[in-house]
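Annotation source TrEMBL lists transmembrane segment at 12-31, 96-115, 136-156, 162-185, 197-216, 222-241, 285-304, 324-346, 411-436, 448-475, 487-510.
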Amino acid sequence: MLNKKNKFKFPSAYTVLLAIMICIALATQFVPGVKNAKLSDVVMAPVTGMIGVKDVNLESEINDAMNSGGVESALKTINSKAEALVSVTNVGQVKGAIDVSLFVLIIGGFLGVVTKTGALDAGVGGLVRRLKGKELMLIPVLMIIFSLGGTSYGMAEESLAFYALITATMIAAGFDPIVGASILLLGCGCGVLGSTVNPFAIGAAVSAAGAAGVQINQGTIIIIGIVLWIVTLSISIIYVMRYAKKIHLDKSNTILSKKEIMDANESFSKNKEEILELTGKRKSVLVLFVLSFVVMILGVVPWSDFGIKIFENSTSWLNGASLGSWWFPELTSWFFIMAVIIGLVYRMSERDIVSSFISGCEDMVGVALVIGISRGISFMMANAGLDIYILDKASGVLSGVSGILFANMTYIIYIGLSFLVPSTSGLASVSMPIFAPLAQKLNIAPEIVVSAFSAGSGIVNLITPTSGVVMGGLAISKIDYVTWVKFIGKLLLILFIATLLILAIMPMILGI
């Protein structure tokens, strides 16, 4: 019992981010030329991260100094000013993460209402019944479905609700719990790795880069994301199906220990959970659920960049913006509207709609806070001039590096960072204000940085013990973490190499 009590547990994202804040504040005391951070800067960082306003006049002065006299001149300008570049007392445009955080809360409420209807459970259950006798085909079908959730809205925590159902189904079909867990972890995970419009990864990264003055071409991000998504998902499906076939032929081929097998049989052989009926109302909810994300995709794809004008003024009557020019404010209002519509279509009472919506929001409060705290860290660095200092030193080291090498080096760096900050949105907010301008300074497309970030954090979140999704999903499926590492190790190496190649080749193909 003593060993269990004293067993080291990796700290939460909040503790990690607080430690980063303190380290940055300490670093400003020793790094030559930067403005020293005060205690008040650390205390106010989370609030500034949410609602901070950038002083555009000071920003212009810093940029002019940078262009005329380099980093030393820019740092002198920062030190000469009493006011901060980003502060809650400034007047101007809000650069804090309040728009992203509010969107996260609202989409959590939306998912809470959908979950309350049972439509998602019923949809998966109906698919299981339809493919009875062809259980092996469930693997690619389900992995593709869950990957769609990963690439579109970063499906992760939401997948925990399916582990018991999917694992029990796979065991009944003659497989083992590893197959069930893989369908979800790799299905959702490959979708997140190849994020296209995932607001928690791509959205947060583009927003953070934009706050740093770097504009990202969303169309390019989507193209690279689709390639990453399809390639990694295809490899994973083949990998899981090969293992599943071995188990189906001979159960002794399982990599599970005897204890894991006993625990799984004891848990899932007694699973009496019925598959919910896919009623007409639930079918309607599923249609609206899919429609919600289809419209979201249509809303954020920059159609005008492709010369497509069909969506101009299409939704101005709804939220004042046309499809193709939506961002977090429009997406937030859209998912709020759809949550209400889904509740009404399912004939939920007003009380049920509100309670399920609030419950869903509660699940996302932690994510919303992490985003704000992380943005506050980037503002701390900007206020001290530490970001300028790092960019100058990094650009010196990487000067002359080719786009291929830069993309792969960035990918590897993000793999390391993702172990420390497992929150994709948090990592984006902390790092993108540094890496995106660095790429731009080296005349390398910043879209490559965003894609490298998405791929790096995505591959880490397939295995990191700091992820509640990984550890929670494995616990539900009765799989030890060491067993999962043993199973996925070879696949991770294959995915790592495949991603390196894609990030190296795509810039040449796209001409960026």
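Just so you know, glycine gets a Cβ as well, placed from its N, Cα and C.
Curation does not apply to TrEMBL; its annotations are automatic.
Spatially, the transmembrane segment (162-185) is adjacent to the transmembrane segment (448-475); three or more Cβ-Cβ distances between them are under 8 Å for residues at least 6 apart in sequence.
For the transmembrane segment (222-241), the residues of the chain that approach it from at least six positions outside its boundaries are 136, 139-140, 143-144, 147, 151, 179, 182-183, 186-187, 190-191, 193-197, 202, 301, 447-448, 451, 454-455, 490-491, 494-495, 498-499, 502, 506, 510, judged by C-beta separation under 8 angstroms. Tertiary proximity for the transmembrane segment (136-156) is limited to same-chain residues at least six positions away from its ends with a CB under 8 Å from its CB atoms, namely 107, 124, 127-128, 162, 166, 169-170, 173, 179, 183-184, 186-201, 225, 229, 233, 236-237, 240-241, 244-245, 248, 293, 296-297, 424, 461, 469.
In this chain, the transmembrane segment (448-475) does not touch the transmembrane segment (324-346); fewer than three CB pairs sit within less than 8 A of each other, excluding pairs fewer than 6 residues apart. Listed by sequence, the residues of this chain that lie at least six past the ends of the transmembrane segment (197-216) yet keep a Cβ under 8 A from its Cβ atoms are 54, 95, 97, 99-100, 103-104, 107, 150-154, 191, 222, 225, 296-297, 300-301, 328, 331, 367, 371, 375, 378, 382, 424-425, 428-429, 431-434, 436-437, 440, 446-447, 449-450, 453-454, 457-458. Ranking 12-31, 96-115, 487-510 by CB pairs under 8 A with the transmembrane segment (285-304) puts 96-115 at the top. Proximity of distant same-chain residues to the transmembrane segment (487-510), defined by a Cβ-Cβ separation under 8 Å and at least 6 residues beyond the stretch ends, is recorded for 178, 182, 186, 193, 220, 223-224, 227-228, 231-232, 235-236, 239, 243, 255, 403-404, 407-408, 411, 444-445, 448, 451-452, 455, 459, 462-463.
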